[in-house]
Amino acid sequence: MYAAFCIAVTISFVGGRPGMISAATGAMALLMVTLVKDHGLQYLFAVTIVTGIVQIIFGVFKLSSFMKFVPKSVMSGFLNSLGILVFTAQLPHFKNATWQMYALVALGLAIIYLFPRITTAVPSTLISIIIVTSIALMSGLQLKTVGDMGSLPKELPFFSIPDVPFTLETLAIILPYSVMLAVIGLLESLLTASVLDDMTHTESNKHKEARGQGIANVVAGFFGGMAGCAMIGQSVINIKSGGRGRLSTFVAGGFLIVLLFVLGDYVVHIPMAALVAVMIMVSIGTFDWNSVATIHKVPKGNAFIMIVTVVIVLITHNLGLGVIIGTIISAVLFAFNMAKIHVKHLYIENKKIYEIHGQLFFASTAEYINAFSYNEDVKEIEMNFTNAHVWDDSAVAAIDKVIMKYEQNGVKVRITGLNERSSKLVANLATYNKRIAS
């Protein structure tokens with residue numbers, strides 16, 4: 001609760017994506033379980049502070065630019081897995097539930113989706129919670145409430161420095177956790193920011209968001225909270241309820257304290273049916289239904305990446321891990337597709353011209369080398385790279401190898417059509433660069 005308050009209020013001032021809600025999340029908490037078990041709660045606060053510092057560094061040096069390498073198929077997998085996780089998290093509330101529970105959840109969903117037809121001045125989710133709670137209290141139904149889920153904190157957060165030794169040994173313990181949390185937190189936050197950008201047709205400052213998340217985590221650590229990041233479910237609710245500015249994020253954090261310390265005696269009586277209805281709406285709104293409808297139209301590789309991302313997240317309950325693995329697989333498939341190089345040839349008198357089409361790099365060198373006929377009755381061959389690009393030292397080594405094989409058979413080799421970057425690379429690295437035509 002302390003983390004949710006500190007992070008939301010701080011990020012409302014320093015974040016880069018207005019309307020996005022940040023707080024402690026399950027993915028972040030999952031990474032801290034072992035830390036707290038092995039070293040204690042104070043180390044959690046220290047890790048939270050260092051996590052924030054690492055994220056600030058990421059933002060200052062603009063490392064968040066790497067988000068552009070996350071493909072749409074991974075984004076869809078991220079959203080779909082999150083929607084499934086949110087929905088399945090509600091299922092335990094239906095265990096041994098009475099018909100009244102099902103009825104109130106259905107009523108809550110009906111209000112959430114139908115009330116906006118009357119007015120959008122008040123969030124339909126809030127109206128749903130109020131009406132469902134009122135019905136449950138007035139009818140005296142015996143339903144699970146917020147109070148049954150656990151007790152609410154009774155003290156305000158206060159500033160304190162984590163009670164851990166300031167030694168290199170301590171740093172060796174907390175730094176691996178901090179880097180991992182920083183990466184996962186930024187990954188989820190920046191993905192959430194991208195989703196909200198699409199929903200609002202606006203563009204957010206990802207570097208500022210990275211710095212803001214870092215500052216918020218530093219504040220949370222000093223006030224007894226754990227590291228957090230953007231919460232896509234709550235952010236979607238906020239945006240769909242009309243909360244587009246920084247004030248909505250600030251109010252989310254501030255109102256949490258009001259709920260705990262002013263309205264806490266009333267909050268405990270809210271039936272879980274009311275909250276389950278809201279979260280089911282979130283899961284439905286989060287899921288990328290279009291990705292399922294078009295799965296038979298997109299390339300098989302894209303569909304595979306999306307499915308793998310979903311499966312990994314559902315198995316590990318770690319959104320960041322799913323995104324990382326999905327992105328890696330996407331990069332491998334991209335390299336595989338780019339490795340398909342085509343070589344065409346034609347004869348002009350005693351010279352044979354090879355036209356190379358495609359990207360020549362480490363993954364396509366074998367196919368490139370095997371595309372030539374080395375025992376030919378010609379005096380000269382020309383390799384035309386007008387429709388190709390030479391990317392790395394492996395590609396240059398392959399060109400050298402082809403030239404060497406031809407020259408061993410007394411065939412002269414010329415290279416033409418290299419673009420500026422390819423020509424510079426070959427000139428710097430090739431053993432036979434003197435054969436390059438200017």
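Glycine is treated like the rest: Cβ placed from N, Cα and C.
Positions annotated as transmembrane segment by TrEMBL: 42-61 (among others).
The transmembrane segment annotation in TrEMBL covers 73-91 (among others). Within the chain, the transmembrane segment (73-91) has long-range Cβ neighbours (under 8 A, six or more residues past its boundaries) at 191, 194-195, 232-233, 276, 279-280, 282-288, 291-292, 298, 302-303, 305-310, 313-314, 317, 319, 322-323, 326-327, 330.
Annotated transmembrane segment per TrEMBL: 97-115 (among others), in sequence order.
Residues annotated as transmembrane segment in TrEMBL: 122-143 (among others).
Through the fold, the transmembrane segment (171-193) approaches residues 16-17, 20, 22, 25, 27-28, 31-32, 35, 39, 43, 46-48, 50-51, 53-55, 58, 64, 67, 70, 75, 78, 164, 204, 206, 209-210, 213-214, 217, 227-232, 235, 318-321, 323-324 of its own chain, all at least 6 residues removed from its boundaries and within a Cβ separation under 8 Å. Feature annotation from TrEMBL assigns transmembrane segment to 171-193 (among others).
For the transmembrane segment (214-233), the residues of the chain that approach it from at least six positions outside its boundaries are 2-7, 10-11, 14-15, 17, 20-25, 27-29, 32, 44-49, 51-59, 79, 82, 86, 157-162, 181-182, 184-186, 188-189, 191-193, 195, 279, 282-283, 286, judged by C-beta separation under 8 angstroms. As annotated by TrEMBL, transmembrane segment applies to 214-233 (among others).
Positions annotated as transmembrane segment by TrEMBL: 245-263 (among others). Same-chain residues lying 6+ beyond the ends of the transmembrane segment (245-263) with a Cβ under 8 Å from its Cβ atoms: 1, 4-9, 11-13, 15, 18-23, 152-154, 156, 234, 238.
Residues annotated as transmembrane segment in TrEMBL: 270-291 (among others). Among residues of the same chain six or more beyond the transmembrane segment (270-291), those with a C-beta under 8 A of the stretch's C-beta atoms are 73, 75-76, 79-80, 82-84, 86-87, 89-90, 93-94, 101, 104-109, 111-113, 125, 128-129, 132-133, 136, 141, 143-146, 148-149, 232-234, 236-237, 240, 306.
What TrEMBL lists as transmembrane segment is 303-336 (among others).
Per TrEMBL, the feature domain 'STAS' maps to 341-438.
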Best-packed against the transmembrane segment (97-115), counting Cβ pairs under 8 Å over 42-61, 122-143, 303-336, is stretch 122-143
Same-chain Cβ contacts of the transmembrane segment (42-61) under 8 Å, 6 or more residues past its ends?
-> 3, 32, 35-36, 160, 162-164, 170, 173-175, 177-179, 181-182, 185-186, 207-222, 224-227
The predicted model's mean pLDDT over the domain 'STAS' (341-438) is 85
